[in-house]
């Protein structure tokens, strides 16, 4: 898919939403046009202003960083996929934080560059993986554990990181989009396609791992995946729940 | 204070924060590109897909809630779907429960932010406390099943998916993706960040040509690889594996900075 097509495909949604009347969803555009003033924050109001953006990034980043604190202390609450959280876990279990730090920093870097160009900052790559995994991994690798051990230190740390990311995005937006006219999506479409299809692979992988662990768990996982597939739900959830249900009655032996 | 209570209280604060930020960012996406939004393209598409129907928004989020719950119970990871799908869709459903006007609900950052804060507070508390009270036998199953599966996903499945996407996106992107992907596996232990940067660089060169912006971009990427390579002691390993004598000053430099290879 070329970038020009994506640009055209992405444009109607936002434009319709902004009430310009073009593109898809004429009903939506009409609704926008009708309610120009009143109780809805319009263009230029605080809620849609540039200066509000870093604040929203800061609240989300503070929550995500504190979520990683919960995971670090209580082993639950990380805002990421099992696969990515496992990178951080590898470091916490005494291994190297290198993979988590590099993976998170790479995504953060790519998303901060991409966000201003396309007008949407991807929270998965920038905040969940960057602030939630990459930066904690870097801190831990450097021996700095305090922000991850204490809740009241985790919140401001995340908020400051979020503010910085928000300001950086706006700064890049001023330099690039306003000067080059936003002619490149920087491969956002390619990465989003790959990122979305990656999730589909986890279901079959879970079934294979379950069948390797023990026969009852493998059968349960297969059955669960089949049921979820029939119910038109993501395969992965069924595979995991099936494996756990059968594992409860037939605990995995050995090791 | 019992641990569950601490987890519950911290989760409520965290949930309110992420719900507030994510939902306001999602509402702003509908005003992009004029306004800088925050979320994801797939979130935008999925929200448009069940436009104007609170039931559709709720059930879409509900499907992913099960997935997130299973993952939280199993591995303590709430999945990215919490911020990307469950919170935005449930906030949308809540905000348009009585009022179907999109401008006043889904596209209104103020209303979405407060609905999202409420949804997040309850959702994160439920996910984290139910996970904390799971019996050990279940956690063992989850670790033995989800552990290997996610390891395979990280390596080699995800690198291959991104690699194929880079190769299919044109010769320049494929070339940059291949080179940086291979180097990233050497330097960082996983090829995905390198391929992602390769796609960014390749597409930027395709679309913009050689401008000041793309030159800075290429320079930053090269600097990132060189610095992380040195920090992980890749240069030492390379010389050792090529059976070349490591100069004393280089070995001394790595020893004093504490950057000798760990594995």
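Including glycine, each Cβ sits where the backbone N, Cα and C put it.
What TrEMBL records for A:1-13 is compositional bias 'Low complexity'.
What TrEMBL records for A:1-40 is region 'Disordered'.
Residues annotated as compositional bias 'Gly residues' in TrEMBL: A:14-25.
According to TrEMBL, the transmembrane segment annotation covers A:52-74 (among others). Long-range contacts of the transmembrane segment (A:52-74) within its own chain (CB-CB distance under 8 A, at least 6 residues past either end) are made by residues 46, 85, 88, 92, 121, 123, 127-128, 131-133, 135-136, 147-151, 154-163, 165-167, 169-170.
Summarising the annotation, TrEMBL assigns transmembrane segment to A:94-113 (among others).
According to TrEMBL, the feature transmembrane segment maps to A:125-145 (among others). Within the same chain, residues 57, 60-61, 64-65, 67-68, 72, 78-80, 84-85, 87-88, 91-92, 96-98, 100-108, 110-112, 115, 158, 161-162, 165, 195 sit at least 6 positions outside the transmembrane segment (A:125-145) and bring their C-beta atoms closer than 8 Å to a C-beta of that stretch.
Distant neighbours of the transmembrane segment (A:151-172): 50, 53-66, 68-69, 108, 112-113, 115-117, 121, 126-127, 130-131, 135; these residues of the same chain sit at least 6 beyond its ends, with a Cβ under 8 Å from one of its Cβ atoms. According to TrEMBL, the transmembrane segment annotation covers A:151-172 (among others).
Distant neighbours of the transmembrane segment (A:201-229): 81-83, 235-247, 249-250, 252-253; these residues of the same chain sit at least 6 beyond its ends, with a Cβ under 8 Å from one of its Cβ atoms. Per TrEMBL, the feature transmembrane segment maps to A:201-229 (among others).
What TrEMBL records for A:235-253 (among others) is transmembrane segment. Among residues of the same chain six or more beyond the transmembrane segment (A:235-253), those with a C-beta under 8 A of the stretch's C-beta atoms are 199-200, 202-204, 206-207, 210, 213-214, 216-229.
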